[in-house]
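Engineer: Right, I'll just put the structure down here and ask away after.
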Amino acid sequence: MFKKTKITILGATGSIGDSTLAVIRETNDFEVFALTAFSNVEKLAELCQEFKPKFAVVPDLSKKQKLQSLVTDVEVLVGESGLEKVSSLAEIDIVMSAIVGIAGLKPTFAAAKAGKKILLANKESLVTAGHLLIDEVVKNNAQLIPVDSEHNAIFQCIDNHDKKCLPEIDKIILTASGGPFRDKQQLHELTDVTPEQACNHPNWQMGRKISVDSSTMVNKALEVIEAYWLFSVSADKIGVLIHPQSVTHSIVRYVDGSYIAQLGVPDMKTPIANAMYYPKRGSVNVESLDFTKYQLTFREACFERFEALKIVFNNLQNKNYAANIVFNAANEELVAAFLNKKIKYLEIIEVNKKVTKELNFENPKNIEEVFEIDRKTREYVDSVLG
């Protein structure tokens, strides 16, 4: 008898959640076991009515009451304990970790400790605690499969489960669209950028925070950290190229001079389906790539123009993993301030440079220390912003 794969979707109402559910609608291979949301209770209720999960998770009691008033045939859990439960129950086969921000850390760790197949879209799990998460994955025989289009591309280009291939890798090259301001070469051209302009990504449909991160190249800087942990490579073996068409998602250069790249139209259903079905491949409805319609171009990502990259590469080269926690937490606070029109666009990176330079912590030995560094950084940023 055919048994559907049971999946928990952490962050079901976000853009990754949307694409994951789109894949599930197109196939008959998955059963939604649990859905979680932070603020959009109405959308979560609609998804519960459509997919009939056993559990739904919301952050507090007021949202629980609201959800229960909208749907009656789902068990509603609350807060961190609820997230960790639906990430680790024995019935679950796959956990899609798509919560935005450090809030995704604990449920991702819970899934790793339970030995689950984790589809990782939550950057912060690796950015802030990569050394700790990889240890848990290895120790508990879990699987960690990247969902970001760039990392999933690398995952497809190398045999990631055969560590013998890693010495054969000469360079991992992450591609970046460059965001909406990729053709503005001077920072002074960005002085009066508005949140609406920063969120207008030319290639991808994404949430507001990640759209801003793409425009500042912080998103790519965080992906450099992820690649460092996911593929066990040193910082000097990671490169970044601006690729405006977003067709070549990443490239691996081998020591014999061979290059292997993964290409596809910019549609998140492709990497998500790849991760969901791995080690097999499933059929999903995505546009075919017509090579006759594209001219693929690449150029260097200038560290002076995109200073976020410079900060992160310096942190990795010095093995200063705590500084990446500071960088990430400061960025979250500063992007929120920008979206609320409390600071100028260029201050996102300017203030982050100042904060990352002034705050010094030892590398965390456990997840509690990660949260402590994160908390202290946010408090410091708040004091700087007044």
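Any Cβ shown, glycine's included, is placed from N, Cα and C.
When I checked Swiss-Prot for this same protein, it listed these features:
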| type | residues | note |
| --- | --- | --- |
| BINDING | T13, G14, S15, I16, N40, N122, E124, G207 | NADPH binding site |
| BINDING | K123, S149, E150, S177, H201, S214, N219, K220, E223 | 1-deoxy-D-xylulose 5-phosphate binding site |
| BINDING | D148, E150, E223 | Mn(2+) binding site |
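I'd like these features described in context: how deep, what's nearby, how far apart.
Structural biologist: Here the Cβ of N122 (NADPH binding site) has 26 other Cβ atoms within 10 Å, regardless of which shown protein chain they belong to.
The Cβ neighbour count for H201 (1-deoxy-D-xylulose 5-phosphate binding site), using a 10 Å radius over every protein chain in view, is 18.
DSSP gives E150 (1-deoxy-D-xylulose 5-phosphate binding site) a helix state. Annotation for E150 (1-deoxy-D-xylulose 5-phosphate binding site): spatial neighbours L174, T175, E223, A227, H249, S250, criterion Cβ-Cβ under 8 Å with sequence separation of six or more.
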Engineer: Where does G207 (NADPH binding site) sit in the DSSP three-state scheme?
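Structural biologist: It is coil.
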Engineer: Helix, strand or coil by DSSP: which one applies to G14 (NADPH binding site)?
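Structural biologist: DSSP assigns G14 (NADPH binding site) to coil.
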Engineer: At the Cα level, what's the spacing in Å between H201 (1-deoxy-D-xylulose 5-phosphate binding site) and S15 (NADPH binding site), rounded?
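Structural biologist: Counting only the Cα atoms, the answer is 14 Å.
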Engineer: Identify, in sequence order, the residues in the chain of N40 (NADPH binding site) that are 6 or more apart from it along the sequence and have a CB within less than 8 Å of its CB; answer 'none' if there are none.
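Structural biologist: Residues satisfying the criterion: T13.
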Engineer: In terms of DSSP three-state secondary structure, what is the assignment for H201 (1-deoxy-D-xylulose 5-phosphate binding site)?
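Structural biologist: It is coil.
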Engineer: Let me know how many other Cβ atoms fall within 10 Å of the Cβ of G207 (NADPH binding site).
Structural biologist: 14
Engineer: Give me the Cα-Cα distance between N219 (1-deoxy-D-xylulose 5-phosphate binding site) and N122 (NADPH binding site), rounded to a whole Å.
Structural biologist: 12
